Amino acid sequence: MLAGCSSSSLLSPTRRLRSEAVAATSATVSAHFPMNTQRLDLPCSSSFSRKETPSSRPLGRSISLDNSNNNNNKPIERKTKTSGCSLKQNIKLPPLATTRGNGEGFSWNNDNNNRGKSLKRLAEEDESCLSRAKRTKCENEGGFWFEHFTGQDSSSPALPFSLTCSGDDEEKVCFVPSEVISQPLPNWVDSVITELAGIGDKDVESSLPAAVKEASGGSSTSASSESRSLSHRVPEPTNGSRNPYSHRGATEERTTGNINNNNNRNDLQRDFELVNLLTGCLDAIRSRNIAAINHFIARTGDLASPRGRTPMTRLIAYYIEALALRVARMWPHIFHIAPPREFDRTVEDESGNALRFLNQVTPIPKFIHFTANEMLLRAFEGKERVHIIDFDIKQGLQWPSFFQSLASRINPPHHVRITGIGESKLELNETGDRLHGFAEAMNLQFEFHPVVDRLEDVRLWMLHVKEGESVAVNCVMQMHKTLYDGTGAAIRDFLGLIRSTNPIALVLAEQEAEHNSEQLETRVCNSLKYYSAMFDAIHTNLATDSLMRVKVEEMLFGREIRNIVACEGSHRQERHVGFRHWRRMLEQLGFRSLGVSEREVLQSKMLLRMYGSDNEGFFNVERSDEDNGGEGGRGGGVTLRWSEQPLYTISAWTTGGN
């Protein structure tokens with residue numbers, strides 16, 4: 001049971017779930033969705049590549065559980081007409097305890113040499129998808145679901161799997177997924193689901209009964225939603241004449257509506273079952289029940305997929321992958337993971353492309369960059385020599401618009417310098433070259449200083465702070481990585497480094513979430529609610545069959561989920577905490593808030609309107625912690641939300657002496 005959760009938080013915000021609706025159609029779901037692109041490979045502190053194969057060719061490969069007995073390992077292969085890959089297939093048993101020493105850790109399988117399309121090609125292929133999403137996301141009627149891609153013949157039966165547990169004298173058959181009926185939802189799940197459902201999908205309208213008896217004995221309510229984000233409308237005739245086959249069209253429309261309603265009911269059932277399986281897996285890990293762990297991972301691997309039709313189906317795929325990684329590290333003599341060789345390569349370039357894709361279809365990166373830039377411009381008003389220290393500059397997407405704003409001033413600064421910090425020398429050099437080109441086009445005297453090092457290893461002398469410069473620090477989604485030290489020494493050292501530069505402004509952008517609990521159940525509960533909103537936002541803007549969507553979800557958010565769930569200690573870097581935590585810590589260490597100006601709030605709202613986000617259910621902006629605001633009573637930060645779920649907060653700070 002997930003600690004600290006109210007009983008309604010675990011289903012996708014895109015699906016306005018009502019627990020009674022599920023009871024009306026509580027028959028066991030027999031469809032199995034293999035995890036075609038699922039990954040069980042990545043060490044938590046690294047970034048690895050994942051090449052996408054062409055969509056015309058099913059993804060995945062046959063991987064089996066090892067049935068270890070008398071040192072004679074015979075894998076049970078799952079053969080299908082096409083090569084689907086599920087989580088169940090990716091976990092296998094090691095040799096028996098007699099050969100245990102050779103089997104610990106991950107076994108890397110180098111048999112997959114296929115190279116996929118580049119993300120640049122994916123972007124080109126998805127251009128039509130992008131324009132279609134922007135045209136239709138604000139429509140209020142009609143619905144259309146893209147066909148679910150499984151990469152496997154749906155008629156292929158799921159074969160029973162058995163698990164041999166090392167350490168005992170007898171062989172134990174732990175599960176047969178095709179014959180197992182999932183346990184009922186825990187009592188706390190009802191309120192969790194209701195809370196998450198309130199976040200989003202005001203876009204799916206179901207024909208479920210208005211009042212049904214809840215499976216767990218709860219009260220009755222109505223469930224209504226209709227797909228708006230992926231709506232597909234047939235244009236009406238433009239010559240003013242009526243359709244001579246209107247009676248046929250009405251019949252087809254009713255038939256399509258019935259099919260969509262059935263699909264919606266099935267999706268609700270599957271989402272409920274996935275939540276049930278995820279919580280059951282957490283309980284099994286806590287009780288160290290190896291047989292139950294294997295059952296829950298295998299069953300969830302059948303139903304969840306990164307290419308699933310609903311956001312929750314895709315989201316649970318990444319959570320169960322992370323739990324599989326976790327148990328493989330906890331019990332390396334029992335669980336083995338054999339990922340393809342291509343996962344063992346870093347993919348910084350593809351991560352950058354995924355970030356650019358996200359920038360095209362959602363306002364998230366633009367909100368962070370533009371709001372941070374406005375705070376920096378306010379701090380640099382009237383300054384002649386400005387120096388920005390960016391602790392994670394990446395491709396430098398934030399700075400071209402900043403240069404343009406500086407150059408448009410009546411008295412632009414005489415000299416602009418950016419110190420960019422990163423771990424890739426090549427990427428830093430390329431970023432510096434691009435920024436030089438932008439600055440030259442704006443007639444700004446510009447200097448770029450790269451610092452190739454890890455965040456915790458940066459020292460003051462590396463930053464080249466000079467006299468007469470007005471220094472500002474830009475820290476976007478980096479400070480939470482210093483919270484791994486339970487004593488607080490790492491964050492104090494980092495903030496001490498920032499103070500030593502004597503900045504006129506520290507701009508801080510962080511996830512508005514609580515993902516730093518010591519309890520795994522609490523982290524999963526809080527992060528599931530948070531990333532449900534993120535997946536919902538992406539689902540609204542990209543079609544279900546979009547390869548771009550797969551890459552954005554996997555490379556940006558899937559990695560964060562793996563780190564939050566699978567890692568501990570210094571390897572767990574995604575330790576997100578909310579603005580109130582940062583405010584308390586910064587004030588204790590001598591920083592004070594610069595507040596939020598009205599201009600910054602108005603600009604953020606204007607940006608969201610470009611994405612149609614002034615409508616209810618989309619992105620919205622609000623000031624954070626207004627009661628304890630900074631100068632002039634202004635709020636301490638500005639927060640981007642998806643419906644009722646906070647996502648990111650940006651704030652500006654300065655040292656006490658300024």
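Just so it is clear, glycine is given a Cβ too, placed from its N, Cα and C backbone atoms.
Residues or ranges marked as compositional bias 'Low complexity' in Swiss-Prot: 214-228.
As annotated by Swiss-Prot, domain 'GRAS' applies to 265-654.
Per Swiss-Prot, region 'Disordered' is recorded for 43-85 (among others).
The feature region 'Disordered' is assigned by Swiss-Prot to 96-115 (among others).
The annotation region 'Disordered' is assigned in Swiss-Prot to 209-265 (among others).
Look at Swiss-Prot and you will find 272-336 tagged as region 'Leucine repeat I (LRI)', backed by sequence analysis. The predicted model assigns the region 'Leucine repeat I (LRI)' (272-336) a mean pLDDT of 94.
Per Swiss-Prot, region 'VHIID' is recorded for 355-420.
Summarised by DSSP class, the composition of the region 'Leucine repeat II (LRII)' (430-462) is 18 helix, 7 strand, 8 coil. The annotation region 'Leucine repeat II (LRII)' is assigned in Swiss-Prot to 430-462 on the grounds of sequence analysis.
Swiss-Prot lists 471-563 with the feature region 'PFYRE'.
The annotation region 'SAW' is assigned in Swiss-Prot to 566-654.
Each residue in the motif 'VHIID' (386-390) gets a DSSP state, and the totals come to 0 helix, 5 strand, 0 coil. As annotated by Swiss-Prot, motif 'VHIID' applies to 386-390.
Secondary structure by DSSP for the region 'Leucine repeat I (LRI)' (272-336): 50 helix, 1 strand, 14 coil. For the region 'PFYRE' (471-563), the DSSP counts in helix, strand and coil order read 55 helix, 13 strand, 25 coil.
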